[in-house]
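Pulled from TrEMBL, these are the features on record:
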DOMAIN    37-74  domain 'SWIM-type'
REGION    153-179  region 'Disordered'
COMPBIAS  154-175  compositional bias 'Polar residues'
REGION    204-240  region 'Disordered'
COMPBIAS  224-240  compositional bias 'Basic and acidic residues'
Amino acid sequence: MFHKEVLSSMQYGTMLKYSEGRAQVYIVKRAGDSTKFREILYNPSDHVITCSCKKFKNQGIPCSHIIVVLRNNFIDCLPEYLIPERWTTTAKSKTVYDELGVELQGHRDSSSWMGKKNLEIARGFSECLNDALIKVCNVAKEMLNDLQKMKASYSESGSNNPLQSRSTSVPSSVNVFPPNISKIKGSGKRLKGGKEIAMEEMRKRRTCSVCGKKEKHNARTYPKLKEMSSKHNEDEPTTF
């Protein structure tokens, strides 16, 4: 909204009408339109400026008439008077009042609420920390009392060192024996030769009932069994 007013101010011209003490009255007209004009009251001492259009009073946005007068007076920054509190970043951190000066409960700012919440959290944290410190101090006191009692008991027994009061017997000699030898899986086996492996396989083989030899076959898998059966069928006489 303010950007539009700045662009619109480029179309206006100003003319000093009269001066009253420190205050100055300007006439602002649009270029090419001599019928409509606005009167601007400007005080250079405190930069208080008002326009007859009342736009700043109604909307809180400086109008284009005010901007052109400030530019002609070489004012580069807006005076604080022309920046309402509602447009600032700290607007929500303050209390809102109505026309009668009564605080508006429905428009209570969220930042103050968060501030109160943060204060409550800080208080709760400090209370928990104090409780923890009290418990730690109580445990430390109990440990100190136990140590003082132990010290008193050792002093009554005539020993300042707690380790000296304990009776320990040291053996006169210590016998150290070598550990038992355990056989690991796979140890103690020698590698066998090919001849020895072949002989073991021969022992494991069964004797074939057909050929009477120890081979890799048996009576069912005898290689010449088919030839013998076919020959036997040829020798038998044919019956009709």
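Here the Cβ of each residue, glycine as well, is placed from N, Cα and C on the backbone.
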What are the DSSP helix/strand/coil residue counts across the domain 'SWIM-type' (37-74)?
14 helix, 11 strand, 13 coil
Integer mean pLDDT for the domain 'SWIM-type' (37-74):
89
